[in-house]
């Protein structure tokens, strides 16, 4: 059985940086897609639009493992030609992080090693980021839950009607054409309305549903009934 590691600042910061590097690639893909939707480059947006329509119209589920096989073949060709594994940018940066940690362990305490204050600041920054991410995830989950339990009846009934309509539409119209319609709307939205603000309708809807903390914060206060003691009752009678 693997022994549980004790908390160590360098390992904690290194793992946080690894997660950052992994998420950075996802963020870059999202930015690229948004740039295509916003027509920042006309040629790139037109090419992406045509590729999207062709792939959506011709896609079959058996093509999904083929795409993964192409990735395997690509990496194997690189390995066969160079005789070594392909090193990604993320791996290079992780090696730099590990080298920095090793250097910190080897350096003397009084020389170029980071001060205790700087180390604590790095840990605080990392824990603050994790704290905020956990808070956002918890809030999103609670909002989704409260959508179904009629915390805001109007929004719950609205979601109910939308799901009924979506069920009917999905029954009669193939998913392929619905995805194509969604993509055409996304790509042409900026052309139809140049001043449109990019948004996500589902996330906008969920953001209007309160999470559990907001429910407690904004709940209606019940009137307080104070029981009068015998002495208070006697005083009231004397005044009357």
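Every residue, even glycine, has its Cβ placed from backbone N, Cα and C.
Nobody curates TrEMBL annotations by hand; they come from automatic prediction.
It is 46-73, from the ranges 18-45, 46-73, that TrEMBL records as transmembrane segment. Note on the domain 'Multiple C2' (112-216): its mean pLDDT in the predicted model is 88. Taking Cβ pairs closer than 8 Å, the transmembrane segment (152-173) reaches residues 146, 205, 208-210 in its own chain, all 6 or more past its ends.
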